[in-house]
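Since the structure comes first, as structure tokens, the remarks are kept for the end.
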Amino acid sequence: MKSTFLLLLLLLSLNLLFVFVSCASSIEFVYPNFTASNLRFVDSSKGAFLLSRNSIFKAGLFSPGGDDSSTGFYFSVVHVDSGSTIWSSNRDSPVSSSGTMNLTPQGISVIEDGKSQIPVWSTPVLASPVKSLRLTDAGNLLLLDHLNVSLWESFDFPTDSIVLGQRLKLGMFLSGSVSRSDFSTGDYKFLVGESDGLMQWRGQNYWKLRMHIRANVDSNFPVEYLTVTTSGLALMARNGTVVVVRVALPPSSDFRVAKMDSSGKFIVSRFSGKNLVTEFSGPMDSCQIPFVCGKLGLCNLDNASENQSCSCPDEMRMDAGKGVCVPVSQSLSLPVSCEARNISYLELGLGVSYFSTHFTDPVEHGLPLLACHDICSKNCSCLGVFYENTSRSCYLVKDSFGSLSLVKNSPENHDLIGYVKLSIRKTNAQPPGNNNRGGSSFPVIALVLLPCSGFFLLIALGLLWWRRCAVMRYSSIREKQVTRPGSFESGDLGSFHIPGLPQKFEFEELEQATENFKMQIGSGGFGSVYKGTLPDETLIAVKKITNHGLHGRQEFCTEIAIIGNIRHTNLVKLRGFCARGRQLLLVYEYMNHGSLEKTLFSGNGPVLEWQERFDIALGTARGLAYLHSGCDQKIIHCDVKPENILLHDHFQPKISDFGLSKLLNQEESSLFTTMRGTRGYLAPEWITNAAISEKADVYSYGMVLLELVSGRKNCSFRSRSNSVTEDNNQNHSSTTTTSTGLVYFPLYALDMHEQGRYMELADPRLEGRVTSQEAEKLVRIALCCVHEEPALRPTMAAVVGMFEGSIPLGNPRMESLNFLRFYGLRFAESSMVEGQNGESETMVFHRRESSNSGGSRQSASYIASQEVSGPR
């Protein structure tokens, strides 16, 4: 009996041990110095290492659809029963099955194991050390400190989905993936606007939540967030007490998820039994999806079956290789560059609609059709027009052309006619023949041409002989020069090994890719930039550097290897290089939205929304923080300005020209401020002989941030309100005046900060789509960045923390910002001189007395620094 009892006890212990071991691989908490990979946990829990307490959600490194043979893995949170991914971190940078997720006291990082220790994704700088990582019952990943206070949570950084209990706040968006097997950011997104939920394709609105037949508008209060509830979908206001727009769904406590699908639809699904059931989908008409039939594809909806069919408009055919509708005529083509000169327009006919005409205003009213065409012809980004006959309104289609929609039985849409912009190809027409009588002219022509041909042949032979002699003389000189050690021309790139060197291009390759450097898209102190296309149709930007200070190929390659090894989502990637003689060429990835300077200041395109500006500011700060503290070697950019902040898809900012200051020679470096046109962004220490540190970049970033807030250059014409307080025998009177003229915006921002009037600083084109608190946040960060003393400026890592809320906002120190008053005074004086010459108008502002206003220093070095840091 005793032995039987001991045997049962042993079996029970083994069973408990088995349960413990099997559950140990998936737990609710993990702690710092924890490393996970798909390979490590694939056998015990199919890649999961975190499991919520209710066992509804799991977290780990997974591949789309749970395919373990996939080459792309993502650190994700997944609904266990349905397999739905509700959040992923490294969606644009998948790792292999051996890639790791590392938890340290500094946060989470995802690393491609075996390739580099540079993370492909990481959490931002945190306010305090991490003590644990938790997966909640709602599917929220939390980083907790020693007091169990949340330092970071995945719900604040949604990807394409939100679930019960999660809030998608005003200005935040869900970005659909490229496809269901590719989690990379696609072209569609769902954005929470101030009055509605908006769906966008490549930044263009194409649908609103309240357009759905099941949507009910309950109030007109400004929207604060979108939420998924047990009873449906709702846009909420007034701290969650008022519903603005609601979509009622059957009450259920089951798992419910709202997702921006890769198909371009916004879908709400519920897990019922064993499957996900779609409860809501918008838009209901598939032909309202901008790219449902590809570029210029014509979508036709069958009302009976609710299925759409795709075709091409009349006089166009499908290019099967590219999936694009192109003209049938071989003499016509879609314009591929701004160089097209011979422009034609193909009429699409009546009843053909385009989504953007429902969401944008016409550029002009009361125009004849030819004038509408002329506007498009002069606009490089214009791809076509839609013309409304009754109102004679002109709508432009810019940047991207999506699918067309065939409209049936809708008289108001039959008034709109579309036209596609086309290029007329040049034909090599033969010159008209000579209509000779009797053929007697041939001997005459021969008698004239033969002596001339002989004469020119002798000249050509003489030139060839002279060139051969010149080449021989040049070769002998080159042989002497090449033998000198340290010469940039000497040595072959293969004679020494430098790890991390990017791809080397031949000069002829780049010459062909750029069509002999035909299309210049930029220029600056480092040289000109040209657009090019590689044989695989990858777009590139080629930068020519003609004056450099390097003395040998090995030194050049070492610097290029350092730049080429830098990988960050907010830094322009160096794809390769070419060295030919004294000429250096750098090959970068191409940014399709150009520079921030053109997007923000040109006024031609749509206005950057506040959330887009915030994202650009945050992304730029992250890129600079990585250069300053994330690289093996600290890199000071030295030239932070809107022209060097490029915008990729979805206006993702990428910093260019980093690391290039070492390639300048001493002569060009001494002309740094004038040659590169950056006066107004450079910190005062550039001229005062103080040490240059990464804080010089912080100053430049602060100036750029102020321009993001106002939407104009820091020195520009604008309206300004001035409050003046007068004291006459203890009778106080206050007046407010509004004047227009040249304004030095940093000084204006300082004045408005002291008075707490932040809304006067925001870009008026936003028309109130920004709150005072949002404007205050950016202005305070910017003013902290432009402190005169470098030691008082925050690091870029601290700036990122202030943006993300993990670090309290800094307080600008007035005593370190009084130099802006001196700059403003000098600017006003110079502007008045110009105004007297009839060149510009200036304005003098009343200034209220401030107790902390100190006298401006006017030493020689201080005034000299104004020439660099002051308004340009």
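Using N, Cα and C of the backbone, Cβ positions are placed for all residues, glycine too.
If you check Swiss-Prot, you get these features:
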- I521, G522, S523, G524, G525, F526, G527, S528, V529, K543: ATP binding site (BINDING)
- S656: phosphoserine (MOD_RES)
- T673: phosphothreonine (MOD_RES)
- S716: phosphoserine (MOD_RES)
- S859: phosphoserine (MOD_RES)
- 27-443: topological domain 'Extracellular' (TOPO_DOM)
- 465-872: topological domain 'Cytoplasmic' (TOPO_DOM)
Subject >> Position of peak Cβ density within 10 Å, selected from the recorded positions S523, G527, S656 >> reply: S656
Subject >> Spatial neighbours, same chain, of I521 (ATP binding site) - Cβ under 8 Å, 6+ residues apart >> reply: V529, Y530, K531, A541, G594
Original post:
For the topological domain 'Cytoplasmic' (465-872), what's the model's average pLDDT?
Top reply: 73
**OP:** May I ask for the distance between S656 (phosphoserine) and S523 (ATP binding site), taken between their Cα atoms and rounded to an integer number of Å?
**Re:** 12
**OP:** Look up S656 (phosphoserine) in the DSSP assignment and report helix, strand or coil.
**Re:** coil
Original post:
Which number gives the other C-beta atoms within 10 angstroms of the C-beta of V529 (ATP binding site), all protein chains shown included?
Top reply: 21
